[in-house]
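Peer 1: The feature active site, proton donor is assigned by Swiss-Prot to 115, with similarity to another entry given as support. If you look up Swiss-Prot, you'll see 54, 56, 82 marked as Mn(2+) 1 binding site, on the strength of similarity to another entry. According to Swiss-Prot, the feature Mn(2+) 2 binding site maps to 82, 114, 164, 238, an assignment based on similarity to another entry.
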């Protein structure tokens, strides 16, 4: 079945910010789930690679990201989740990333973020967008079924860990991430939840998170986790950074944010992080695209998550 799918055609359609016929989207989602089923919770990735943070449905800025970092398959990518919600083109954004994954499975790794959740997408826009564009919720159901298959983390050359949110007090080793049951809705607490929701903070240990999910984690627990697991860098997303990226903990952790002018009003720049074969770090900064297009008249949501 997979060999007969018109993947190049779907990639080209999605690149034009068009969504697929409902039945084609269903087939695409099924194909990507087959691929994701083979991936580990901590998916190994080889350098060189480019690491990306939140996209949040900002389709035209995703095109700018690829213009900045290189097109798939010329560049190998890890996306650290939050593909949908808040932006006007969550459906087209996720469809494009799925089409690229189906066509070039070894050149793009898609991690789960806290917004890859049925509950969150019913509040922050993706559910309503699918309903509006397709006239029913089937597309949302197909896409959210893919969410449950997305992997939780990526490890680059055994040295750089990519995860959407951060660490968990219940996770000391990568092996403990590898045995998490991931094929389900994100739980409200526990290690799976923490990987999606936690944030670094200028503390040493752990504090409850003001988000109401996950934890604030500090420099000491980060250093311990990296030492135990032989890591030299943790890359994560999940927090808006005005400058596009922010280092913490003696440059051993970095937040990468890839949605410029977030929610079309925050005024921030975006970044992607390119690692070469020696894992040398090169941040590429890009700005929101300035172009005339008809913006749908749907209000953006306030920034709570």
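In case you wondered, yes, glycine gets a Cβ from its N, Cα and C as well.
Are these features on the surface or tucked inside, and what are their neighbours?
Peer 2: DSSP assigns residue 115 (active site, proton donor) to coil in the three-state reduction, outside any helix or strand.
Secondary structure from DSSP puts residue 82 (Mn(2+) 1 binding site) in coil.
In three-state terms derived from DSSP, residue 164 (Mn(2+) 2 binding site) belongs to neither a helical nor a strand segment and is classed as coil.
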Peer 1: Once the DSSP letters are reduced so that anything not helix or strand counts as coil, what is residue 54 (Mn(2+) 1 binding site)?
Peer 2: strand
Peer 1: Could you list the residues of the same chain, at least six apart in sequence, whose Cβ is under 8 A from the Cβ of residue 238 (Mn(2+) 2 binding site)?
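Peer 2: Counting only residues 6 or more apart in sequence, the Cβ neighbours of residue 238 (Mn(2+) 2 binding site) under 8 Å are 53, 54, 80, 81, 82, 113, 114, 164, 165, 166, 197, 199, 255.
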Peer 1: Other than 54, 56, 82, which residues of the same chain sit close to Mn(2+) 1? List them in sequence order, counting a residue when its Cβ is within 8 Å of the Cβ centroid of the site.
Peer 2: 53, 55, 57, 81, 83, 84, 85, 86, 113, 115, 237, 258, 259
Peer 1: Taking 8 Å from the centroid of the Cβ atoms of 82, 114, 164, 238 as the cut-off, which other residues in that chain fall inside it around the Mn(2+) 2 site?
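Peer 2: Same chain, not in 82, 114, 164, 238, Cβ within 8 Å: 54, 80, 81, 113, 115, 165, 196, 197, 237.
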